[in-house]
Amino acid sequence: MTLPTDPAANLAALIRCASVTPAEGGALGALETMLKPLGFLVDRPVFSEDGTPDIENLYARRSGNGPHLMFAGHTDVVPVGDEAAWTHPPFAAEIANGEMYGRGAVDMKGGIACFVAAIARHVENNGGPKGSVSLLITGDEEGPAINGTVKLLEWAASRGEKWDASIVGEPTNPDTLGDMIKIGRRGSLSGSITVNGRQGHAAYPQLADNPVRGLMGLVDALLHPVFDKGTKDFQPTNLEVTSIDVGNPATNVIPAKATATFNIRFNDTWTAETVQAEIHNRLDQAAKRKKYRPGKKTPVDYDLVWRDRPSHVFLTRDDKLVDTLAGSIKAAVGKEPTLSTSGGTSDARFIKDYCPVVEFGLVGKTMHMVDERVALADLETLTRIYQRFIEDWFGQG
């Protein structure tokens, strides 16, 4: 029996599945075909929720006596954009100049392909890990992330699954393989502020109440002063205004409403609840000020709506997990990886509630771009890193 020990062949099979979120596109089926010869039992539960597409997921486990390691990731990919702009077709897995092209090559079908190859080599050389290995793979990471990892974890846990550690195979390296392990993530929270004014003629502002003026004062209060100066493990908390809309095409009309949307990435100085309280306090205080609304006697009339669910800040302090992975990276590429909490959120934010989790995968330079691609040499190196990690974490090195 031929085992899936070649990461490039594994990746090609996955790229050729057009699994643009939320479509499964055959990617989970291709993955199941790779895993079954390795002794994995595979389930593919489908989760639903009103107003969202049904999502197929995959949970596979190879059982043994000992600790339980989970590899997590996703097979769904972002849209390709203008397909004519691609040098090579986005779902053909063509190779040129030592690189494989295709949507999902680095984010993150490549990571999955390498982990499968690493397990296959370990089975071939050592008979398998002294413990259990599972793959928790969703088709809903690039989408709303409602019917994916969060529900798959709940589903598996309800069936008695427990994990001792997890690696998420997201592309964590900025420039070269081995640059960075993600050992935590900042929290994330989004909201919208709508200021209610009174529409009127721009030439007669005394007869109107310009909501844009009120909104300027509220936004200013969100941006100043800074929330903090950062901590030992995290960057400073940062708030970005991501949109401002008045829905007003006329230049001589004061609008009736103005809305600003914002996102805040917060460090371990805060919780989602304390960030929300701070923002409420800043807005309430700013609403009373007259700086942008001279002559107005009443506070700014505003509504604040929190959007989506917050992502909570976390930091993984599991020395065995972090040190074993860092040691595997150094053995393969000869350098110490940076331990970082930078960047955006990932599905690790859900996994951290079940077991210690870190993230490590390929180089992310071309993710989500036209001509997304990965060096074949990086696929081989990442496979060797994962294989060394599996051997050492299970005490078989």
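Residue positions begin at 1 at the first shown residue.
Heads up, the Cβ atoms here are built off N, Cα and C, so glycines get one too.
Counting every protein chain shown, the Cβ of D76 (active site) has 27 other Cβ atoms within 10 Å. Residues annotated as active site in Swiss-Prot, with sequence analysis given as evidence: D76.
The active site, proton acceptor feature in Swiss-Prot is assigned to E141. Within 10 Å of the C-beta of E141 (active site, proton acceptor) we count 25 further C-beta atoms, all protein chains included.
In the three-state DSSP scheme, H74 (Zn(2+) 1 binding site) falls into the strand class. Residues or ranges marked as Zn(2+) 1 binding site in Swiss-Prot: H74, D107, E170.
Other Cβ atoms within 10 Å of the Cβ of D107 (Zn(2+) 1 binding site) number 26 in total over all chains. Under the heading Zn(2+) 2 binding site, Swiss-Prot lists D107, E142, H368, citing sequence analysis as support.
On its own chain, H74 (Zn(2+) 1 binding site) has M108, I137, T138, G139, D140, E141, E142, G148, T149, D347 as residues at least 6 apart in sequence with a Cβ closer than 8 Å to its own Cβ. Taking a C-beta cut-off of under 8 angstroms and a sequence separation of 6 or more, E170 (Zn(2+) 1 binding site) has the following same-chain neighbours: G73, D107, M108, G111, K182, S346, A348, E359, G361, G364. Between the CA atoms of D76 (active site) and H368 (Zn(2+) 2 binding site) there is a gap of 12 Å. Counting every protein chain shown, the Cβ of E142 (Zn(2+) 2 binding site) has 22 other Cβ atoms within 10 Å. Excluding the listed site residues D107, E142, H368, the same chain places V77, V78, G104, M108, M367 with Cβ atoms within 8 Å of the centre of the Zn(2+) 2 site Cβ atoms. Around the Cβ of H368 (Zn(2+) 2 binding site), a 10 Å sphere holds 16 further Cβ atoms from the protein chains shown. The Zn(2+) 1 site is defined by H74, D107, E170, and by the 8 Å test on Cβ atoms against their centroid, the other residues of the chain that qualify are G73, M108, G111, E141, E142, V168, G169, P171, S346, G361, M367.
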